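Beneath this line is the structure, given in structure tokens, with notes to follow.
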Amino acid sequence: NGAICIQPCSPSFHGETSFVCEDRKWHMLSDACANLDVQSLFQVRLLEFLPCTGGHSGGGKPSHGKPADGAKHFGAGNQSCQADFSCIIPDILSSPAIPGNIADIVELLKKISQLLSANVTRGKMLTYSRIANHILNSSIISNWAFVKDRNAGSILLDSVNSFAENLLLRNGSESIQEPFIATKGYSIHRNTSGKSFDFSMEFNSTDNITGHVVIPGEELLRLPRASKAISVAFPTLGAVLETNQLDPAVVNGMVLSVSLPEELQNILLTFEKLNKLEQVGAQCVGWHSAERRWDPGPCAVRAHNVTAVVCACAHRRRTHRSFSILMAPAAPWSSVLDYLTRVGLGLSIFSLVLCLVIEAVVWHHVTKTEITYMRHFCLVNIAASLLVADVLFILAAIVHNAALNYQLCVAATFFLHFFYLALFFWMFTLGLLILYGLLFIFFKVTRSVFLAAAFSIGYGCPLVISILTVAITEPKNGYLRSGACWLNWYETKALLAFVVPALSIIVMNLIVVLVVVVKTGRSSVGDGCKSQDLSSMIRVSKNVALLTPLLGLTWGFGLATIIDSRSLAFHIVFALLNAFQGFFILLFGTLLDRK
């Protein structure tokens, strides 16, 4: 049936006829190869179905021809095989899916997608799917770990996508289902209300897994003409896609590939989780075919619950056509941590409300001097900012758990970011006020100047930082983190817009504490008697005890939770200190104030 291109089975051949296949020298099967091992024989059988790019020239010399010339040799004399190459199915399905054979089949599928992807009929796609299904079976998926080419999974994904996008649709639709690979296609046009692809596929011998792709109706309005949309689902391929990233990515759903016209970019995908444990987070990602890695850039979590995740993704024909979900690096879950957070937040909100009520009642009695007015003014704004932030924290959790819309989660995160920053900047303002009272005794600041400066620092700086953060990261779907209405950390590092100002203020307020300790220590040391020493220590201790919760020094434990996100101890200490911060403000800022 024409030229049979194989790799040489021994270093030296005698009397063979040479051909040139894609700029590489191959050799024709001859009697010199009598003793072939199983894998070499399998290579011969696979490669004999691929057309050479050159024909027989005689005399043992290679001849060069056009790439299309080789098609003449493919399946010559067998019109059925030429139409859908189904004649190779028995050989492939009868071969064991051992690592060497997996690599050969991946190479075969790559060659087919490169040479025979024009006008893919249902028969061609069915044969192609059956070949791919053979090496994607869940019972042999562990064999992929021993395939030499670590990019074999990525090559297979790209090959299937390239082949499937040329699928011809009969009567406006097509559906080809194998246990471990499924392909669906629909005709689409601008007047369509919206198209969806539903997949329910076997993951292993006992479990099925589902996936759902939706092209919104507003996206279809971009179409200038009638076109088609193709989607391919892989329930097991995610386990063998090896990335170039250092951190191992754990795929927690099926891989869904989508082929759309250039005009269509935004799609919604729903993934059923493989691991449905409550503490497992989710991260929506797209496969970057050029860099061979999971990229969170084009995707964002729209909704998330224990069993499924809804992702909003940007389809990019050249780089991002396949999507899935990863197990997000999640903080350790503990019933103790959950209990501390709930009780602490409840007590914090109650304490902050009580603090503001007390301040309102005694305001005229404790703000008779400029310095006391400024101090209590800072304290009220600290309490108000933390109160609003705590309430927003609860609302953000409700929004996320109820799987409400994405825009509401963005809004909750923006205001949460703003008011937590405001808390820190008002703490910074209070620190500056303390320095002013200690170091600039003879320099007087009017109330109007103080209020202008305080509002600029306390609310102006947080507003600028919050707006810049959402403006820079949201267009790239990198504003929100996976699994919560809060700033992204693992992909775009948007959380730095909160961490850097907070830690900077903590450091500066530590300096304020040191200045206070030095100044009060010097003023207390005079007579040298024990009672004066004891009094000095008490005064220093009160200053430190007051400034530590008020100026956010305890938030330094947040840095530890970022460095070691899986340490339950760090999370418990951080939750304990910060959830009760409202109570600390009431205690040290109000109740222990003798006035």
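Glycine residues also receive a Cβ, built from the backbone N, Cα and C atoms like all the rest.
Just so you know, TrEMBL annotations never went through curation; they're auto-generated.
Noted in TrEMBL for the protein shown:
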type	residues	note
DOMAIN	189-333	domain 'GAIN-B'
DOMAIN	337-593	domain 'G-protein coupled receptors family 2 profile 2'
TRANSMEM	343-366	transmembrane segment
TRANSMEM	378-398	transmembrane segment
TRANSMEM	418-442	transmembrane segment
TRANSMEM	449-472	transmembrane segment
TRANSMEM	495-518	transmembrane segment
TRANSMEM	544-563	transmembrane segment
TRANSMEM	569-592	transmembrane segment
Should the transmembrane segment (569-592) and the transmembrane segment (449-472) be scored as in contact, given a threshold of at least 3 Cβ pairs under 8 Å and pairs 6 or more apart?
no
Contact call for the transmembrane segment (378-398) against the transmembrane segment (449-472), three or more Cβ pairs under 8 Å:
yes
Can you give the mean pLDDT for the domain 'G-protein coupled receptors family 2 profile 2' (337-593), rounded to a whole number?
79
Surrounding residues of the transmembrane segment (449-472) on its own chain - C-beta under 8 Å, 6+ positions past either end:
370, 374, 377-378, 381, 385, 410, 414, 417-419, 421-422, 424-426, 428-429, 432, 479, 487, 494, 497, 501
Secondary structure content of the domain 'GAIN-B' (189-333), with strand meaning DSSP E or B:
7 helix, 71 strand, 67 coil
